[in-house]
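Asks: Next up is a structure, given as structure tokens.
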């Protein structure tokens, strides 16, 4: 009888890694004759949901996730937890380790859901747990920012002074966009808190986020308020014991009041103002760096994108999105560029020198072109896993060149997503010609280097085969 594996995949944005990791594991399982069922928790919600019978009959369970998920269904089972990126790059190791029980953890018993008690694993300890909670907040924040940013950008199709044209469509779009961007920090904070403490963390998280936004603590303040709200609520829920007949009061009365009051007082009187000062200082430093040290900033952005859509790339993107709320838009132009250049450059390399690649790689390369134009980098990852030196080095150089041109040219971009299709919306990019030129030059540099390095690699492989 073949082995049966069940898995959950979920990445920060829920757009690429979630589905690519699932496909990679399915492909390997098919090659080995294993039965596999993968539940994807992406941007459109849960798909191919695992049933209790699937979980009960599984020989191995894999969580390929970059953020906290509800583990209560798996209580008492051994689970291998890896990143979505790891499952995408190494589906063989991931599945075989899960079957062998290597590196697995045991999921603790389910919590009492009647009192909205968060599962014990929700408030994971250590830096990894904190990072996952923050990334969960980012994943929920991104659609809010995208909606707000694009609606604001669309409003400028009706003129640059639409904010003063009361009662017009442009005015309404601008108002909706402003409301969306204003919700960025509260939503971010609320879902960080919910990731830590489940539903009871939402109320103190969103109110703490509103406080962070109002006092100018910005993106960093949202992280602080979200983590404060989550951990305070988690431990209050754990420590407060009530008779069974009064348990219903805890999630709707006691926890919201106590946790919100605690978070609010700490934000107002302890950490809020120092974080606001830190945010202002960082914003000033970044604004000055765009003008005085664009090459250094380009180097930092390119280095942070070495993982081609992985965890560090998401940190950079979240940072750039947070700055949009502060009205600092040049970093977003560079951040989007370094996410577009690698897949476009790789696609060009597979088209220009097709003989360097297998048939499957040529097909994947063509798909990378559309992904790159849409600001989705993850199509590069299978290539980077197979040819790390050639792909990572080439795309790094291309990103550095492209980002340098972009920042030196003073390009700004006030929408958080959309890729090259943002050119269809007037006013989103202050200098669209310079931005497109930056992307084109960076992509061509990447393409040329990939072809050169892959040619050397293929010649070396041919010599080894002939020897």
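Sequential numbering from 1, following the chain as shown.
Cβ coordinates come from backbone N, Cα and C, glycine included.
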Asks: Scan 101-121, 332-352 against TrEMBL and say which stretch is down as transmembrane segment.
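Replies: From TrEMBL, the annotated transmembrane segment range turns out to be 332-352.
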Asks: So, taking each listed stretch (141-160, 172-194, 364-384, 391-413) in turn and counting its Cβ pairs to the transmembrane segment (206-232) that are under 8 angstroms, which one gives the highest count?
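Replies: Ranked by Cβ pairs under 8 Å, first place goes to 172-194.
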Asks: Please indicate, using numbers and ranges, the residues of the same chain that are 6 or more beyond the transmembrane segment (364-384) and have a C-beta under 8 Å from a C-beta there.
Replies: 15-17, 20, 24, 85, 88-89, 305, 308-310, 313, 336, 339-344, 346-351, 357, 391-392, 395, 417-421, 443
Asks: At a C-beta cut-off of under 8 Å, are there same-chain residues at least 6 beyond the transmembrane segment (433-456) that contact it? List them, or none.
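Replies: Same-chain residues near the transmembrane segment (433-456) but 6 or more away: 333, 337, 340-342, 344-346, 348-349, 352-353, 356-357, 372, 387, 389-391, 393-395, 397-399, 401-403, 405-406, 409-411, 413, 420, 423.
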